[in-house]
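Worksheet for the structure shown next.
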Amino acid sequence: MAPWTLWRCCQRVVGWVPVLFITFVVVWSYYAYVVELCVFTIFGNEENGKTVVYLVAFHLFFVMFVWSYWMTIFTSPASPSKEFYLSNSEKERYEKEFSQERQQEILRRAARALPIYTTSASKTIRYCEKCQLIKPDRAHHCSACDSCILKMDHHCPWVNNCVGFSNYKFFLLFLLYSLLYCLFVAATVLEYFIKFWTNELTDTRAKFHVLFLFFVSAMFFISVLSLFSYHCWLVGKNRTTIESFRAPTFSYGPDGNGFSLGCSKNWRQVFGDEKKYWLLPIFSSLGDGCSFPTRLVGMDPEQASVTNQNEYARSSGSNQPFPIKPLSESKNRLLDSESQWLENGAEEGIVKSGTNNHVTVAIEN
């Protein structure tokens with residue numbers, strides 16, 4: 001077996017250690033709460049009504065937590081579609097060229113029909129040498145998964161999976177139900193934690209589980225709260241974790257808010273338009289993960305006119321780094337109804353706005 005193959009196998013095995021740790025803690029918490037607290041402690045003191053209420057509520061949070069955690073782990077990260085791969089002839093020409101300018105020229109021609117509106121910091125086409133494809137907007141190569149991931153947020157060791165377009169909603173729900181699960185356990189255990197701590201109750205076996213259960217649930221609640229709050233802020237801004245540290249580069253320069261459509265629309269991009277699915281770990285995110293609508297940038301009429309002329313002149317040249325027409329020309333429901341397509345030639349697209357004198361800096365999905 002080659003050393004690299006052996007290393008990858010070991011890496012995959014070790015990657016499941018954090019997941020097994022979380023699984024062990026969850027299984028133990030289930031036993032400690034249901035058996036030691038509800039059955040032996042609360043039901044043993046003849047508090048039957050409280051036992052039933054606690055068990056029903058606990059299992060509701062437990063099922064939603066396990067469901068969302070399972071979906072986050074076992075939902076395969078979405079990869080770029082075949083349109084973003086170079087053809088055999090393009091790949092052959094690209095590999096034969098040693099000049100970076102010539103290589104970029106090949107990539108620019110290949111990207112003309114793709115919905116790509118961001119570049120690298122050096123204004124070059126974002127190309128993955130390992131996957132041999134042109135990276136869609138917001139996609140990045142994950143070294144742990146060894147593939148390009150659509151709208152990659154981060155690789156999470158606690159789920160042993162990449163968090164991206166296909167499972168980001170599940171990841172957020174996993175954090176939410178983790179918080180609710182830990183909060184419910186800590187709040188309902190607190191009464192008996194105090195009784196055991198003050199020796200009002202003397203069952204030594206249940207005492208250990210109840211005391212430890214309170215500390216563990218409170219600790220996890222505090223740690224997950226900060227992470228969940230941070231990701232709620234990211235969703236409101238329509239950013240990924242990667243984009244929060246390194247803003248995407250558009251034709252006019254880096255812009256951390258380039259994909260922001262407003263807080264409400266940003267949330268709907270992740271959770272979808274159907275509110276009945278928002279709290280369920282069922283995929284309902286909008287879009288295909290390969291292209292995304294961008295915000296409208298306000299300009300005065302003279303500046304907008306000059307910008308339109310410059311964009312038209314650049315699109316006519318052979319060195320245009322951005323595509324002229326996306327894969328799909330269907331109007332995205334997230335954008336304002338004022339924005340519309342105006343076809344100018346066979347492959348030219350200029351987006352125009354009505355009363356607010358806005359100009360889009362990137363074409364929507």
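Every residue gets a Cβ built from N, Cα and C, even glycine.
Of the candidates Ser251, Ser260, Ser305, Swiss-Prot records phosphoserine for Ser305; the remaining residues carry no such annotation there, which does not rule it out for them.
Placement of Cys142 and Leu201 with respect to the membrane, taken from Swiss-Prot, is on opposing sides.
Within the list Ser87, Ser291, Ser330, the entry that Swiss-Prot describes as phosphoserine is Ser330. Distance noted between the C-alpha atoms of His141 (Zn(2+) 1 binding site) and Tyr181 (site 'Important for selectivity toward medium-length fatty acids') is 34 Å. In the three-state DSSP assignment, the secondary structure recorded for Cys128 (Zn(2+) 1 binding site) is strand. It is 33 Å from the Cα atom of Tyr181 (site 'Important for selectivity toward medium-length fatty acids') to that of His140 (substrate binding site). The Cα atom of Ser29 (site 'Important for selectivity toward medium-length fatty acids') lies nearest to that of Cys142, taking the binding-site residues Cys128, Cys131, Lys135, Cys142 as the candidates.
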